[in-house]
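One structure is given here, and the rest of the page talks about it.
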Amino acid sequence: MAEMKFLEVMRGKTVFPPPIWMMRQAGRYLPEYRETRKRAGSFLDLCYDPAMAVEVTLQPIRRFGFDASILFSDILVVPHALGRELRFVEGRGPMMTPIKPQDVDVLDRSLFHVNLEPVYETVRRLRRELPPETALIGFCGAPWTVATYMIAGHGTPDQAPGRLFGFSDPEAMEALLAKLAAQSAEYLIRQIDAGADAVQIFDSWAGVLDEASFEAWCMKPVAEMVRRVREKHPEVPIVGFPKGAGMLYDSYRAKTGITTLGLDWSVPLSQARRLQALGPVQGNLDPMRLRAGGKALEEGVDRILEALGDGPLVFNLGHGITPETPIAHVEAMVQRVRGANR
Ligand code: CP3
């Protein structure tokens, strides 16, 4: 078996230079992605077509030889598979029919795995086609982040509709999060059954909540998911990414049981070091440093390697790469990380 550096770090080992991949590494900054996307028609058609989803997942691996590959899909296929309407509108992002408190009880689980079968097929094909040293990461959204899109019906700057829903009808919010946690855990288990080597839980909107609601709506449902996934697959690493959690990052690993903390770029490297003393971390270059390139990129990379290179680190961005980012900057980042010495 070829060694997977990514998995070694997930098990707590220090690997230097660290393994590297990028959130949103398959996407519009790549001309070959835009080409496949045009052939697919809609974004969702691309997500549900195993041949095309495999193709776009492999594109960044061919170009950059990343140490990990992330399944190409979207976090919103989970509510879609539960019968909620979903469209992706060019230039506006996801659009859903907003869920009302009375709709929570009638979410339809009956076709959940049937609807998601194309995703499981994509994972099976990917594990066969990827190089043996490249880890395959499955993923889903955290219940809170998925719920914010289900409630507002689209992206918002601070997820005010989701927060208002939770404070106005706490019982409906708890019921919604519990359902999403149960289904999302099953979804991750099926991805692991199909060949995913690790999974990541994206909680992109963790940073908009006060302390008590962060406990109740972010950490509690994620802890429940981790418990369920571990019951079936105790050995599979789970990355948690509570973007924007600030000081609340400190209790996240202990309270949820995740393996590795995904850090956004606003996490100070001093705090990152403390978090790394308790387990692996992943992150946390500002995607705008990557887009800017040059000195901004070099300094950002060097600071992370300097602060975190002597512990278990997966090098990554602090959030997804943006469509305007030059490919040459990605190449420069990979070279700088891989060429680093201590
Ligand atoms: O990382 C990867 O390469 C895997 C693919 C992936 C996508 N979305 C593809 C995608 C992953 C892991 C996601 C997660 C996701 N999706 C999150 C959590 C992470 C994050 O970025 O915060 C969220 C909140 C979503 C929901 C979503 N999907 C939004 C808000 C948007 C619109 C914004 C945008 O970038 O257009 C999407 C669309 C989306 N998801 C695209 C891609 C490649 C662009 C759609 C297109 O190609 O037309």
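The backbone N, Cα and C atoms fix where each Cβ goes, and this holds for glycine too.
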From the candidates Ser204, Ser213, Ser270, give the one listed by TrEMBL for the same substrate site as Arg24, Gln25, Ala26, Gly27, Arg28, Asp74, Tyr149, His319.
Ser204
Could you check what DSSP calls Tyr149 (substrate binding site) once collapsed to helix, strand or coil?
helix
Tell me the Cα distance separating Asp74 (site 'Transition state stabilizer') from His319 (substrate binding site), rounded to the nearest angstrom.
15
Would you list the DSSP helix, strand and coil counts for the residues of the domain 'Uroporphyrinogen decarboxylase (URO-D)' (19-28)?
0 helix, 1 strand, 9 coil
List every residue in the same chain as Tyr149 (substrate binding site), at least 6 positions away in sequence, whose Cβ is under 8 Å from its Cβ.
Leu76, Pro79, Pro94, Met96, Gly155
